[in-house]
Ligand SMILES: Nc1ncnc2c1ncn2[C@@H]1O[C@H](COP(=O)(O)OP(=O)(O)OP(=O)(O)O)[C@@H](O)[C@H]1O
Ligand SMILES: [Mg+2]
């Protein structure tokens, strides 16, 4: 038998479990799709488009619903003489407003004409954008800014697009769809002068267990061979995810990982045991990603706390944490931040679920102090921090005497 003569008894079509797969139906999103259709109806009738703000937690179908609704709208107006509709999709993740504008322009240009992300003034790039929008020769253009909260406070693009026609920059009717999973971002928008975006807000809620069951069944049907999922497995998975994040992404990923595990162990069916292992794998990957993406100062702080943990010194008081933090800063030659800043950062880490903070009373004197403890697996912290260049040698180099 050849090394790769593997019988695939589990998967029928694994590709439907990929993030890029767009299903025909979106179970559990009927209301959201209705609101979305209502918000976009004006394009179909040839009127000015609404600007739409879509928000909700991660993995609740914002992107996939937007892809589906825009596809459906394009189909719907295809035979109409009075309306021609185009959309441009830009992912803003990890971009500045300037870069996002450059990307939008590039989406509209032929590959060989694309511009570089440097060397043009902001207003030049905007002018190019207006020109290319008109060059589409459509009556209606919607610009989708996915993960728009990444732009932070520099989100002027969100306001400039809706005003482009009124300001005489374009002849085309142009609107914007901003997609965000950051609720603070939404609050900030309403606090600002513009009410244009408030008009059509579509909120995507997290999925409950029955909704997740439907989503999982739909995928499992296509992805797996008949009868390989143990009875009640979908219900079990849906319950786990509903209790945790309510994210369809997590649910589908657990389904995929559980299938892989069954294959790896050459088991005939996918079992609850596979699901449990898959969900632990996923949890680890998510925590690692989140840890890795934190800014340097947080990494240094976590490293300090991990060092305390290794030496059995947790829970520790803020003063102790700060002390070790200063040592680590010295080791890697960065300037330590002030105590108060570090206090804020510790609170942030607690909000993210990496640390716990417990308030303690000093007893007789009545004073209070706080104790910090690590809430995630110290091994995960070490693994991630070992990959952070600056910190890779810190653990070996920080000696015990520095803790006394
Ligand atoms: N109702 C649904 N039915 C079927 N699949 C769904 C549904 N909702 C989400 N999904 C799937 O779950 C995954 C995550 O969905 P999506 O990317 O749309 O989430 P999102 O809300 O945009 O998340 P983020 O804020 O992280 O970008 C995708 O693979 C998507 O196809
Ligand atoms: Mg998305």
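Every residue gets a Cβ built from N, Cα and C, even glycine.
Bear in mind that TrEMBL entries carry predicted annotations, made automatically and left uncurated.
Owing to the predicted nature of the structure, the values given are computational and were not obtained by experimental measurement.
Marked as ATP binding site by TrEMBL: 60, 61, 62, 63, 64, 207, 219. According to TrEMBL, the feature domain 'AAA+ ATPase' maps to 48-203. According to TrEMBL, the domain 'Cdc6 C-terminal' annotation covers 302-385.
Listed in sequence order, the binding-site residues among 61, 63, 64, 207, 219 whose CB lies under 6 angstroms from an atom of ligand 2 come out as 63. Residue 62 (ATP binding site) falls within a helical segment according to DSSP.
60, 61, 62 are the binding-site residues among 60, 61, 62, 207, 219 whose C-beta comes within less than 6 Å of an atom of ligand 1, given in sequence order. In three-state terms derived from DSSP, residue 219 (ATP binding site) belongs to a helical segment.
Note on the domain 'Cdc6 C-terminal' (302-385): mean pLDDT across this stretch is 90.
The secondary structure of residue 207 (ATP binding site), as reduced to three states from DSSP, is coil rather than helix or strand. Between the two most distant C-alpha atoms of the annotated ATP binders (60, 61, 62, 63, 64, 207, 219) there are 18 Å. The sparsest Cβ neighbourhood within 10 Å, among the listed binding-site residues (62, 219), is found at 219. Residues near residue 60 (ATP binding site) in space but far in sequence (CB under 8 A, at least 6 apart, same chain), listed by position: 204, 205, 206, 207, 246, 247, 248. According to DSSP, the domain 'Cdc6 C-terminal' (302-385) comprises 45 helix, 16 strand, 23 coil. Residue 64 (ATP binding site) counts 19 other C-beta atoms within 10 Å of its own C-beta, drawing on all protein chains shown. In the shown protein chains, 20 other C-beta atoms lie within 10 A of the C-beta of residue 63 (ATP binding site).
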